[in-house]
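Let me give you the structure first, and then I'll get to my questions.
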Ligand code: RRO
């Protein structure tokens with residue numbers, strides 16, 4: 001019997017597929033739909049302390065090979081997601097869910113994390129260090145000094161299981177430098193990758209989204225090779241206690257298989273979920289199981305991280 005079950009941060013999940021933050025996770029209605037689908041768990045839309053309207057529309061577009069967005073961190077505010085997660089801890093105590101969050105400043109991030117630390121929340125936390133779309137706010141994880149400082153401060157008081165959402169890196173030296181920082185901390189996972197920031201898509205001599213003059217984060221098929229490279233680069237470098245969540249360009253069971261082959265313990269679906277809806281989890285799970293069966297693999301641990309290189 002083929003199983004796609006996995007473990008992350010010490011918690012068990014009956015499927016390694018789930019949504020990516022930002023997709024199908026803004027409201028409790030959307031989160032319920034993912035929870036009740038074949039997905040192993042869900043992650044919430046990245047929460048700030050207070051409700052945010054986000055950027056003006058149009059701010060998301062499906063593209064032939066993916067998507068472009070400049071949502072601008074619209075969300076219901078921390079309490080909304082916390083209230084729902086605490087309610088689920090009562091009704092579905094055997095399952096674990098993920099809360100994504102970030103502040104608009106380091107002070108706000110600490111205020112949020114201190115609230116989570118003091119709460120009864122028992123799930124996983126994903127700190128989003130890679131939002132590309134808030135005008136005037138650079139992506140934290142592209143500033144290694146700021147990243148190290150915030151992680152040092154966070155882990156001076158935060159004791160719950162925390163992972164970080166990373167932007168794609170494009171240089172081997174950056175993989176090395178980022179790893180040297182992350183390996184200093186009790187991070188439970190890194191999630192590779194957020195959208196490739198600040199792409200530009202043109203139609204009829206015009207951009208397709210309104211914010212930032214049309215610049216936006218790319219997702220979907222465009223980004224799979226970059227996502228796989230980031231998953232594998234961090235899998236090869238990080239200390240074994242830090243697991244990898246693979247996100248980027250997953251449309252089929254084969255794509256999910258490749259993320260796992262590169263080292264991912266959990267695989268998230270963003271653009272393809274936006275295009276297809278939560279029924280996608282059943283389809284991709286079946287495709288992944290069929291591929292595993294064909295290759296004689298019974299669990300994802302049978303092939304996770306076992307990507308082969310070309311020898312002489
Ligand atoms: O809300 C967004 O514009 C957004 C966020 Br926070 C993120 O992390 N990644 C993305 O592509 N869009």
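Cβ coordinates are placed from backbone N, Cα and C, and glycine is handled just like the others.
Feature annotation from TrEMBL assigns active site, nucleophile to 131. The feature substrate binding site is assigned by TrEMBL to 45, 69, 70, 71, 72, 73, 128, 194, 195. The feature FMN binding site is assigned by TrEMBL to 45, 46, 128, 165, 193, 220, 248, 249, 270, 271. Residues or ranges marked as domain 'Dihydroorotate dehydrogenase catalytic' in TrEMBL: 5-292.
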Please give me the CB contact count at 10 A for the residue listed as 'active site, nucleophile', counting all chains in the structure.
26
Could you tell me which of these binding-site residues, 72, 248, 270, has the greatest number of Cβ atoms within 10 Å of its own Cβ?
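Result of the Cβ crowding comparison: 248.
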At the level of the C-alpha atoms, what whole-angstrom distance separates residue 270 (FMN binding site) and residue 195 (substrate binding site)?
9
Average pLDDT across the domain 'Dihydroorotate dehydrogenase catalytic' (5-292)?
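Mean pLDDT for the domain 'Dihydroorotate dehydrogenase catalytic' (5-292): 98.
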If the criterion is a C-beta within less than 6 angstroms of any ligand 1 atom, which of the binding-site residues 45, 72, 193, 195, 248, 270 pass it? List them in sequence order.
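72, 195, in sequence order.
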Could you round the CA separation between residue 193 (FMN binding site) and residue 128 (substrate binding site) to a whole angstrom and send it over?
11
Give the helix, strand or coil assignment DSSP yields for residue 70 (substrate binding site).
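The three-state answer is coil.
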Round to the nearest Å and give the CA-to-CA distance linking residue 128 (substrate binding site) with residue 248 (FMN binding site).
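Spelling it out, the Cα of residue 128 (substrate binding site) and the Cα of residue 248 (FMN binding site) are 15 Å apart.
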Report, as a single number, how many Cβ atoms besides its own are within 10 Å of the Cβ of residue 195 (substrate binding site).
30
List the same-chain residues at least 6 positions away in sequence whose Cβ sits under 8 Å from the Cβ of residue 70 (substrate binding site), in sequence order, or say none.
55, 59, 132, 133, 209, 210, 211, 212, 215, 216, 217
Three-state secondary structure of residue 248 (FMN binding site) from DSSP?
coil
